[in-house]
Amino acid sequence: MSKPLPQAIFLMGPTASGKTDLAIRLREQLPVELISVDSALIYKGMDIGTAKPDERELSLAPHRLLDIRDPAQSYSAGDFRTDALKEMADIVAEGRIPLLVGGTMLYYKALLEGLSPLPASDPDVRAGIEREAQEKGWHFLHEELVRIDPVSGARIHPNDPQRLSRALEVFRISGKTLTELTKIQGEPLPYRVHQFAIAPKDRAVLHQRIEQRFEKMIEAGFEQEVRALYQRGDLHPDLPSIRCVGYRQMWDYLGGNCDLDEAVFRGVCATRQLAKRQITWLRGWKDLTWLDSNDGDAALQTVTNSIRCDV
């Protein structure tokens, strides 16, 4: 008889839905270790605007995959899958259960379904692309990408050299476009996954939470946090880090494109739009159990019962 696959828990949900609070309570009840699934929490020096767990929360429930990139660096779904699989294996080796918590749905999808077989990076090919960029400019290379792979060309900004370089590198190594290769399915996740999504039943409650959270961020020094990033001089609004909701709007304020009240208003609106996209993803998600943010005890009981009954 084959050995059963190890358990894992996905705790998904829109921003400001109470994922972190529930995850901390779950760690008190179950032998779990937390892995962050959030494309904003990976960045160092971006704590307030991302609502990164604070020292008290991390002391109660340490999170893996926080603060692993500088804001000038990119981080792909493939990078996440590699890192998450390693952390999950380490947690299982310790006799515990991986609890993946966050709202970056693309990361969950990559982890659950696997990724396309993209070629490994080739330093020589990458160096050749860098030389061309220095001679002709990234906009010239972006035009080349649009010709060979219109879908990727439309998705990748000319001022995002890391992603632009990778798309060209993939084509030059494999002879196939990034769009072609990403249609090929990868290896599925070798775990028994219990999937949960937490959100308030009333959308108005979520909107209120988002607005209150943004106000608290401003009070906690969000403007000063973004100003420190702005003054570095090596960051720009086309980087994935600065495109994070809240940061892009505050960046516009610091650049003189709007006043602070307008930046806050835009930030709240952008966060609401993010939550709407996350909920849309989740509504189409298979094998998902919904939890109500307004009934934390029931949510806790639902998850713990599911895990304890699956032995």
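First residue shown is number 1, and so on along the chain.
Glycine too: its Cβ is placed from the backbone N, Cα and C atoms.
The feature region 'Interaction with substrate tRNA', as given by Swiss-Prot for the ranges 124-131, 148-155, 212-219, 276-283, sits at 276-283.
Feature region 'Interaction with substrate tRNA', per Swiss-Prot, maps to range 162-166 of the set 162-166, 182-186, 207-211, 292-296. Record note: among 87-92, 195-200, 243-248, 243-248 is the stretch given as region 'Interaction with substrate tRNA' by Swiss-Prot. Cross-referencing 38-41, 82-85, 202-205 with Swiss-Prot places the feature region 'Interaction with substrate tRNA' at 38-41. Thr104 (site 'Interaction with substrate tRNA') and Gly18 (ATP binding site) are 15 Å apart (CA-CA, integer value). Note: Lys19 (ATP binding site) has non-local neighbours Leu11, Met12, Gly13, Val101, Gly102, Gly103, Ile198, i.e. same-chain residues 6+ apart with C-beta under 8 A of its own C-beta.
Sequence-distant contacts of the region 'Interaction with substrate tRNA' (162-166) (same chain, at least 6 residues past either end, Cβ-Cβ under 8 Å): 73-74, 121, 126, 129-130, 133, 138, 141-142, 145, 156, 178.
In the structure shown, across all protein chains, Ser17 is the one of the binding-site residues Thr15, Ser17, Thr20 with the greatest number of other Cβ atoms within 10 Å. Comparing local CB density within 10 A for the binding-site residues Gly13, Pro14, Gly18, the maximum falls on Pro14. In sequence order, Ser165, Glu169 make up the list of same-chain residues 6 or more apart from Arg126 (site 'Interaction with substrate tRNA') whose Cβ falls under 8 Å from its Cβ. DSSP assigns Thr104 (site 'Interaction with substrate tRNA') to coil, not to a helix or a strand.
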